[in-house]
Amino acid sequence: MRVCVIGTGYVGLVTGACLAHIGHDVICIDNNEEKVKLMKSGQSPIFEPGLSEIMQSAINSGNIQFSSDLAAGVAHGEILFIAVGTPPLPNGESDTRYVEAVARGIGANLNGGYKVIVNKSTVPIGSGDWVRMIVLDGIAERQKTLISAGGSSVEEKLPEIAAQFDVVSNPEFLREGSAMYDTFNPDRIVLGGNSQQAIGMMKELYTPIVERKFAADTSLPPVPVLVTDLSSAEMIKYAANAFLATKISFINEVANICDRVGADVTQVAKGIGLDSRIGNKFLQAGIGWGGSCFPKDVSALIHTADDYGYEAQLMKAAVSVNERQRLIALEKLQQALKILKGKTVGLLGLTFKPDTDDLRDAPALNLIEQLNRLGAKVKAYDPIISQTGMRHGLSGVLVETDAERLADGCDALVLVTEWQQFSTLDYAKMAKLMNHPVMIDGRNFLNPEAMVRAGFQYIGVGR
Ligand code: UDX
């Protein structure tokens, strides 16, 4: 099928590359010329395991093109994905101005022939109907110019034009760092909309994925496809993220109680996770959740509830538990070192989770800020940030090139991100290079006995 993806941020580029990989004819549109140039050469502007390989093979097979020409994209696609960012405004609401601009641009460029317009961006609930309205506005504006050149009236034309497209909500559930895997092995595909024709085309688009042609285990039954109305599909995305964030805040709260009563949260998580009603995923206690989705989506849902006169108390509590949890490492450092002024603290990891270069809402940023405020010197080593030299959003921290250099002269280390390579560092050597071999394991990632054998005072979260 002919697909156009507008916006080549994380979601758009992954979607475009994966759809091209399964055989569709994809054009990815972005208004950033530099980025388009980079992608044309097969390079990914974001770090995501497996993405540049898939881009490269799609370029070689001719299944993917990159361009900054929206009109060409709209002309090409029978399915048009809107995948631009909806960053949070200071009050927690989503900023939908990029979605609006794209929807208007699509309207202004619709050229005849039926199109499905797909909301892939995480948009506020109710946006499906709003996008339809904006597209119609875009069409009307264009019609006005055509009419002044002597055509029939807009009102006469609109019903005909409005029948040329439908809007579908198709939320994504990709995790950064495993986006390729998640795309080819989804737990479900959600399609929101009320047009049979549009839903039918979306099902056809995803057939190879539904039939698990590209899955790790091709013998599994087909992927469930859930068809809902527009608002329910939009709500599913928010509710899923809010639930997962709440689940993590819950186990973090249990961890804090474990710390006080001397229980081990990793065993508790195992014990409750074996209950199939609870499940064992997203029960890893630590220094809290971050990233581009959870904080933004939970705040947006709280905000929407508020707009409709409802206080989302449980979600608000999940956020406040998380805010406190993000400073748990600081509390533990103060307990271990007492005065932090004049001490040097080394952070193992900076990104909000492993296998990504994303620092958005990373717990490390809060920690750095608070340590600086208390007069401590902060150093860090992160496998990707140290390597790429990316320092976006980072200040008040000295980025070292390896873990041993990091340990040298530190009074304590804090494991902030559970990068796999942190399981095989030479911790005995690192302990010797430190002033005080204190290890705050902010992700309960290391083996406590092994750390003690390496010479560390080991402090986990709730264990
Ligand atoms: C999340 C959702 O998982 C995904 O479905 C959605 O589309 C986007 O948001 P992502 O932000 O990439 O994906 O990361 P995820 O792996 O879900 O982790 C989110 C945060 O929770 C990270 O900061 C992570 O460290 C933290 N986390 C996760 C925990 O603290 N404990 C856990 O058990 C799991």
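Yeah, the Cβs are placed from backbone N, Cα and C, and that goes for glycine too.
Because the structure is a prediction, the values reported are computed rather than measured.
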Joining D30, K35, T86, T122, K296, R360 at the NAD(+) site recorded in TrEMBL, out of E176, E253, E404, is E176
Among K144, K213, K237, TrEMBL assigns to the substrate site of F173, L174, R175, E176, F282, L283, Q284, A285, G286, G290, K353 just K237
Between the C-alpha atoms of R175 (substrate binding site) and K296 (NAD(+) binding site), the distance in angstrom, to the nearest integer, is 15
Same chain, |i - j| six or more, Cβ under 8 Å of K35 (NAD(+) binding site); the result in sequence order is T8, P45
One residue among the binding-site residues R175, K237 has the fewest other C-beta atoms within 10 A of its C-beta, namely R175
Widest Cα pair spacing in Å over the listed NAD(+) contacts D30, K35, T86, T122, E176, K296, R360 is 25
Note: among recorded positions L283, A285, C293, least Cβ-dense neighbourhood at 10 Å is L283
Expressed in Å to no decimal places, the gap between the Cα atoms of C293 (active site, nucleophile) and K237 (substrate binding site) is 10
